[in-house]
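Okay, so here's the structure we're looking at.
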Amino acid sequence: MPFQDVSAPVRGGILHTARLVHTSDLDQETREGARRMVIEAFEGDFSDADWEHALGGMHAFICHHGALIAHAAVVQRRLLYRDTALRCGYVEAVAVREDWRGQGLATAVMDAVEQVLRGAYQLGALSASDTARGMYLSRGWLPWQGPTSVLQPAGVTRTPEDDEGLFVLPVGLPAGMELDTTAEITCDWRDGDVW
């Protein structure tokens with residue numbers, strides 16, 4: 001499976017390199033191992049639909065002696081902001097194995113996916129857990145303060161349960177666009193959690 005090295009933070013004297021690989025280049029064993037690790041890291045609060053959302057884009061992996069210890073993914077979505085459908089890199093499945101937490105591995109996989117965001121998208125977005133909010137704020141991600149919605153088959157529908165969890169990272173907005181994080185934003189439709 002082809003990997004691209006992206007970042008190599010040193011934590012506790014150990015060098016961990018985040019590697020990028022597209023979903024299409026993952027063999028079945030690696031993909032299934034990543035799914036299991038992410039589900040375990042989320043302590044069961046991560047569904048098959050959540051994993052499905054993480055497929056089809058780039059994955060950042062950190063392995064130690066062949067075992068996956070950290071993961072993040074970025075997939076393409078469209079977010080409607082005012083009259084523009086922004087090309088969005090949506091970050092999914094950011095997870096660090098429990099016995100490796102607190103060593104900067106989440107930072108390393110985020111460095112990798114943010115490199116992808118800056119190279120390919122107009123906007124980064126993610127739905128943050130309460131425990132991860134501080135990390136995203138420290139990296140320059142902006143909490144979305146306006147109303148969220150989804151463009152579902154029946155039309156635009158508000159998603160008030162997601163209003164507090166959305167974060168965005170402007171990386172290449174169209175010329176002249178100012179991002180107002182108090183405005184409404186709408187995501188494209190998908191099964192499971194839409195945000």
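The backbone N, Cα and C atoms fix where each Cβ goes, and this holds for glycine too.
Residues or ranges marked as domain 'N-acetyltransferase' in Swiss-Prot (evidence: sequence analysis): 21-180. What Swiss-Prot records for Asp45, Glu92, Ala93, Ser127, Glu161, Asp162 is substrate binding site, and it gives similarity to another entry as the kind of evidence. The CoA binding site annotation in Swiss-Prot covers Val94, Ala95, Val96, Arg101, Gly102, Gln103, Gly104, Leu105, Ala106 and rests on similarity to another entry.
This view paints the features noted in Swiss-Prot onto the structure.
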{"residue": "Asp45", "record": "substrate binding site", "Cβ neighbours (10 Å)": "9"}
{"residue": "Glu92", "record": "substrate binding site", "Cβ neighbours (10 Å)": "24"}
{"residue": "Ala93", "record": "substrate binding site", "Cβ neighbours (10 Å)": "25"}
{"residue": "Val96", "record": "CoA binding site", "Cβ neighbours (10 Å)": "23"}
{"residue": "Gly102", "record": "CoA binding site", "Cβ neighbours (10 Å)": "9"}
{"residue": "Gly104", "record": "CoA binding site", "Cβ neighbours (10 Å)": "18"}
{"residue": "Ala106", "record": "CoA binding site", "Cβ neighbours (10 Å)": "22"}
{"residue": "Ser127", "record": "substrate binding site", "Cβ neighbours (10 Å)": "20"}
{"residue": "Glu161", "record": "substrate binding site", "Cβ neighbours (10 Å)": "10"}
{"residue": "Asp162", "record": "substrate binding site", "Cβ neighbours (10 Å)": "18"}
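If you measure from the Cα atom of Gly102 (CoA binding site) to that of Ser127 (substrate binding site), you get 21 Å.
Spanning the listed CoA site, residues Val94, Ala95, Val96, Arg101, Gly102, Gln103, Gly104, Leu105, Ala106 have a farthest Cα to Cα distance of 15 Å. Recorded residues Asp162 (substrate binding site) and Val94 (CoA binding site) have their alpha carbons 18 Å apart, per Cα-Cα distance. Of the candidate binding-site residues, Val94, Val96, Gly104, the one lying closest to Glu161 (substrate binding site) when CA atoms are compared is Val94. Surrounding the centroid of the Cβ atoms of Val94, Ala95, Val96, Arg101, Gly102, Gln103, Gly104, Leu105, Ala106, where the record places CoA, the chain contributes additional residues within 8 Å, namely Ala70, Trp100, Thr107, Ala108, Val109. Between the CA atoms of Ala93 (substrate binding site) and Ala106 (CoA binding site) there is a gap of 11 Å, rounded to the nearest whole number. Rounded to a whole number, the C-alpha distance linking Asp45 (substrate binding site) with Val96 (CoA binding site) is 14 angstrom. Listed in sequence order, His71, Ala72, Ala106, Val109, Met110, Leu126, Ala132 are the same-chain residues six or more apart from Val94 (CoA binding site) with CB atoms under 8 A from its CB.
On a Cα basis, Glu92 (substrate binding site) lies 18 Å away from Gly104 (CoA binding site).
In this structure, the CA atom of Val96 (CoA binding site) is 17 Å away from the CA atom of Ser127 (substrate binding site). Across the residues annotated as binding substrate (Asp45, Glu92, Ala93, Ser127, Glu161, Asp162), the two Cα atoms farthest apart lie 19 Å from each other. DSSP assigns Glu161 (substrate binding site) to a helical segment in the three-state reduction.
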